[in-house]
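In TrEMBL this protein carries:
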type     : residues                                                              : note
BINDING  : B:Leu9, B:Gly10, B:Leu11, B:Gly12, B:Thr13, B:Val14, B:Gly15, B:Thr16 : NADP(+) binding site
BINDING  : B:Lys105                                                              : NADPH binding site
BINDING  : B:Glu190                                                              : L-homoserine binding site
ACT_SITE : B:Lys205                                                              : active site, proton donor
DOMAIN   : B:350-425                                                             : domain 'ACT'
Number of protein chains: 2
Amino acid sequence: MKPVKVGLLGLGTVGTGVVRIVEGHQEDLQSQVGSPIMIEKVLVQNKSKARNIAVSPDKLTEDPWEVIRHPEIDVIVEVMGGIANTKEYILEALSLGKHVVTANKDLMALHGPEILAKAHEHRCDVLYEASVAGGIPIIRTLVEGFSSDRITKIMGIVNGTTNYILTKMSQEGASYSDVLKEAQELGYAESDPTSDVEGLDAARKMTILATLGFRSNVALEDVSTQGISSVSKEDILYAKRLGYELKLLGIAESQDDQISVSVQPTMVRKTHPIASVNGVFNAVYVFGEAVGETMFYGAGAGELPTATSVVADLVAVVKNLKLGVNGKQGAVAYKEKKLKTDEQISSKYFLLLHVADRAGVLARITQAFADYEVSLESVLQQPNPNNPDAEIIIITHDASRAAIKKVLANFESLDVVYKVKSVYRVEG
Amino acid sequence: MKPVKVGLLGLGTVGTGVVRIVEGHQEDLQSQVGSPIMIEKVLVQNKSKARNIAVSPDKLTEDPWEVIRHPEIDVIVEVMGGIANTKEYILEALSLGKHVVTANKDLMALHGPEILAKAHEHRCDVLYEASVAGGIPIIRTLVEGFSSDRITKIMGIVNGTTNYILTKMSQEGASYSDVLKEAQELGYAESDPTSDVEGLDAARKMTILATLGFRSNVALEDVSTQGISSVSKEDILYAKRLGYELKLLGIAESQDDQISVSVQPTMVRKTHPIASVNGVFNAVYVFGEAVGETMFYGAGAGELPTATSVVADLVAVVKNLKLGVNGKQGAVAYKEKKLKTDEQISSKYFLLLHVADRAGVLARITQAFADYEVSLESVLQQPNPNNPDAEIIIITHDASRAAIKKVLANFESLDVVYKVKSVYRVEG
């Protein structure tokens, strides 16, 4: 049984987990694939750095090409992150006929089609289960589990940092800035949290999920993205009072092969299964025409959960190697992409308005909705405890994004509307 | 592109769904597998029966061998149910080199190893995703998604009928018999509900999940099984009052490769993700050493959800056909089975006792637990509104099944214990 040799790019959190699992579960892995799996070379930034895992020093290298061009290495596992360098390394590995497992959502969201085309050209596998929702095997589920179905909706809590922040705000009534600071101290948020809190990380993951779910090459720029940095305590308070939780949701929809993908803070009715996904956990809700409602829940990040998915992909590559069928994944995106217009994207909306507290105001505001044929599900007017204005909370029935934009533009010229405090999509 | 020809055994609920999906999604399926998939022959009980799906009459047959021995059929899809006949048909199909997709949990739970051995011998695929939890791709998840991990616990709500009954009892305070009657009227329960309500259906599914999760041939007789037919309104009321939901859970555990599998009504703490799985929905909670907590949720039965899984398996078989790698699934159960003894199976327990209402009773009862080193988490004594006895509710700390059995045996000889009303496992 000739061992399969693996080159590892990166020995950070996930890389360390990969080494632990490959070494710790070696016997199990061998039973499944029929030969040993050996980590032959590991790319690190600094060979002499102290590590909390023992890797033989002669396996470590600071030269990427020593790993990528190593003649005995069959599979490259990329867990170093970043885009420009990793793209170069992976394309070179593929052109040398080496298979690739990557956890790199940024790379796959931005350059997935190019990388998959190169893999196809050289009959290589590229697997990337760990790039979305760490420990949840959601890519396998979309590609294989639901190969027979037509998926019409994917809703994901795919960013643990923002879900942690929103959960804490909801459970403790705390402010965004206080919870962000706490999350940074606990290591749940980066010192520069932009990518997480502005929804960019989630948008990249939704690009990947929408491409696989709808079998059409969705690009990052197709994803309309809004983060959580302007979510207030009051928003969450009102959400809860009305029976909703506020979650940063990626939402991808397809009707008649027309697609929309977005990431935004969303009011989710508490009875919806995704509303109770709390803390750093991730979940992906998938609705298929035939299968109906499904949801997949688990850790979205972390050393061992993410490494579980990386090594599961490695097992799949090695099984393919034994069968001689690498590079036969087939086209993931065989449908032409057709994007919905703002007129075609429809949902309920929640609006919180600060308005003048005098007679006839509610009539004028509700007329503004009626002018664009947006009908209202519920309207609540109440005094604002903090200032002399009144607050109006409105939940609409299904309305197009275009109509809501027009209503909001119309409010600009209405003197009785002092401020549109919040506008959120509503689900469930 | 030569079409792949399929023989369908059974045109009931799931069979109808299979025809609908294969016909309705033909274009999508072709894009994935590279050739048409045609249903060539369909075994039915009565050719002249009126059906709510149009199948060309010359495809229907009442002779199973016309399907199984059809020279042009590559794949047999078995959705007729039953054990003796289907086993004979499937073994014959395999010996003729035909691949098999089945939704038959009873068959796979009872004769899985024999069928898989025959498949291996003839280099055929046998896939059975639909046999457990209908539309949830849990078998793929266990076998492929978590190939790299060591699964230590699987908890499943894998029977929709009993979950519907317990959900209704919990939400409406209704009695078991009333809800069962209603479920029968709605078609959620069979006229003879034994297999569902006594946990036998769940036990069969847990046999399959434990075998795949722990990679060891678990047999149906290894599953300790208790149903819900003696669950009372009071049990559920007390559960809720203490912060629990009562669910029929399949629980499979493995520590150091020592396995236990059981099905029983279980008190699940409300904060556990599986506690809020309601109605006819199914869910499987999987804990892996590396991946941690995960849960997979969806429809457990029904025409289209179950057919989704059947056709996804069909797609996988056809992909293998194109690659020429059928029958290479590898051994699912490569580990020797070691079962835990009652001394090694440990959990918390809930007990509801009717006892004499006089001084010293609580001391004698708690001493009975102490005698077998079972420590108590909480004890609640209250008057029984219906008779002059007192009620004692006890939740233990983790205790072995053996110790609890000894405590219960000891109660037989304690004159102050009138009745052990209920004993339930506690999780979460």
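Quick reminder: no glycine exception, Cβ is built from N, Cα and C everywhere.
Feature annotations (TrEMBL) mapped to structure.
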residue  : record                    : Cβ neighbours (10 Å)
B:Leu9   : NADP(+) binding site      : 26
B:Gly10  : NADP(+) binding site      : 22
B:Leu11  : NADP(+) binding site      : 23
B:Gly12  : NADP(+) binding site      : 14
B:Thr13  : NADP(+) binding site      : 15
B:Val14  : NADP(+) binding site      : 28
B:Gly15  : NADP(+) binding site      : 28
B:Thr16  : NADP(+) binding site      : 20
B:Lys105 : NADPH binding site        : 24
B:Lys205 : active site, proton donor : 26
Inset, instruction - Name, in the order they occur in the sequence, the residues of the same chain whose CB lies under 8 A from the CB of the residue listed as 'L-homoserine binding site' and which sit 6 or more residues away. - result: B:Thr161, B:Gln184, B:Asp196
Inset, instruction - Give, as a single whole number between 0 and 100, the mean pLDDT over the domain 'ACT' (B:350-425). - result: 93
Inset, instruction - Calculate the distance in Å between the alpha carbons (Cα) of B:Thr16 (NADP(+) binding site) and the residue listed as 'NADPH binding site', and round it to a whole number. - result: 19
Inset, instruction - Determine which residues of the same chain, besides B:Leu9, B:Gly10, B:Leu11, B:Gly12, B:Thr13, B:Val14, B:Gly15, B:Thr16, have their CB within 8 A of the center of the CB atoms at the recorded NADP(+) site, and list them by sequence. - result: B:Leu8, B:Gly17, B:Val18, B:Val79, B:Met80
Legend entry - Proximal residue to B:Lys105 (NADPH binding site) among recorded positions B:Gly12, B:Val14, B:Lys205 (C-alpha distance): B:Lys205
Inset, instruction - Could you tell me how many residues in the domain 'ACT' (B:350-425) are helical, how many are strand and how many are coil under DSSP? - result: 23 helix, 32 strand, 21 coil
Inset, instruction - Determine, to the nearest whole angstrom, how far the Cα atom of B:Leu11 (NADP(+) binding site) is from the Cα atom of B:Lys205 (active site, proton donor). - result: 23
Inset, instruction - Calculate the distance in Å between the alpha carbons (Cα) of B:Gly10 (NADP(+) binding site) and the residue listed as 'active site, proton donor', and round it to a whole number. - result: 21
Legend entry - Cα-Cα distance linking B:Gly12 (NADP(+) binding site) and B:Lys205 (active site, proton donor), given in Å to the nearest integer: 21
